[in-house]
Amino acid sequence: MASLRSVLKSQSLRHTVRSYSSQTMPPASPFAPRHFLSIADLSPSEFATLVRNASSHKRAIKSGSMPQNLQGSLLGKTVAMIFSKRSTRTRVSTEGAVVQMGGHPMFLGKDDIQLGVNESLYDTSVVISSMVSCIVARVGKHAEVADLAKHSSVPVINALCDSFHPLQAVADFQTIYEAFTPKAHHLSSLGLEGLKIAWVGDANNVLFDMAIAATKMGVDIAVATPKGYEIPPHMLELIKSAGEGVSKPGKLLQTNIPEEAVKDADILVTDTWVSMGQEEEKAQRLKEFDGFQITAELAKRGGAKEGWKFMHCLPRHPEEVSDEVFYSNRSLVFPEAENRLWAAISALEGFVVNKGKIE
């Protein structure tokens, strides 16, 4: 089975940061807490548990009953939020989750801290982790969050990097779990087997973790991108490896024709065509993604299921999806956004409160 570390390392996703005074790389933290960098880090049962817990906590808290195991569970604990990229939903959901659990969120934006610029990632990780109970990092390169985790003495949770977005995947599958009646299932499943997701747009970090999760949960996913924007080979390897040990893993289809992806789909999904850092490519991308807008007409032409739903992690731009779909009763966009809060609570519970024991 290809590990997350081996797949990423083999594809040269590492990057250069400020050099160390010694030629020898400092050792990993001897305390070895468990980190959450991608859905690939989880077993199928652990992922399903995070999703179920998020949904359960949502029902309880919204009914006015804070689960006993969450009451004051982060009391006296500080969660450092290292955000080198701007954020709306991730920041609000993370800060809200920490506060609801009784902890203190400490926001460190790009004007407060620049990873690997004035201080090595090793020094930053060792120092900050000695003062807090968890690091939630929203960064550029995956290597940045991976290096933070390698040398941290506390759990590191990836709040987005260029390769993965695990908290979004938990929220997305919570949304699907709540919108579709689950079948009878074991603890390693969500009972969503047989569903099909159609992703139409850019193959990006949100898709990668969604596809890994879909494979683990027995949910098929069809991805339609323009030529040249397909899932890269190393990610295909990682997605495929996610199905090892799963009795009926979800199947992945890649195509350059949106209608092919949409056929028999239960959920249509898209995301921004121009991610942060790709602004100079905007004009070219808009030209090449022409024809990939999700519309009711596309769903009809492609033969989506009669009761199909729509999802988008936001922020949304009109070229990606029509207003008719985005604001329709098919849209799960706003419950999906709210579920970022419950996903954050579930992740903090699993990796900080329960020290990586997810049950």
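Even glycines carry a Cβ here, placed using N, Cα and C.
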Of the candidates Arg59, Arg138, Arg301, which does Swiss-Prot annotate as part of the carbamoyl phosphate site that also includes Ser87, Thr88, Arg89, Thr90, His165, Gln168, Cys313, Leu314, Arg340?
Arg138
Need one number for the carbamoyl phosphate-binding residues Ser87, Thr88, Arg89, Thr90, Arg138, His165, Gln168, Cys313, Leu314, Arg340: the maximum pairwise CA distance in Å, whole number please.
16
If you run the three-state DSSP split on Arg138 (carbamoyl phosphate binding site), which class comes out?
strand
Taking each of the recorded positions Cys313, Leu314 in turn and counting other Cβ atoms within 10 Å of its Cβ, which one has the fewest?
Leu314
Tell me, if you would, which residue among Arg89, Arg138 (binding-site residues) has the fewest other CB atoms within 10 Å in the structure shown?
Arg89
In whole Å, how far is Cys313 (active site, proton acceptor) from Gln168 (carbamoyl phosphate binding site) when you measure between their Cα atoms?
7
Same chain, not part of Ser87, Thr88, Arg89, Thr90, Arg138, His165, Gln168, Cys313, Leu314, Arg340: whose C-beta falls within 8 angstroms of the C-beta centre of the carbamoyl phosphate site? Give them in sequence order.
Ser93, Ala159, Leu160, Leu167
Can you give me the Cα-Cα distance between Asn205 (L-ornithine binding site) and Ser87 (carbamoyl phosphate binding site) in Å, rounded to a whole number?
15
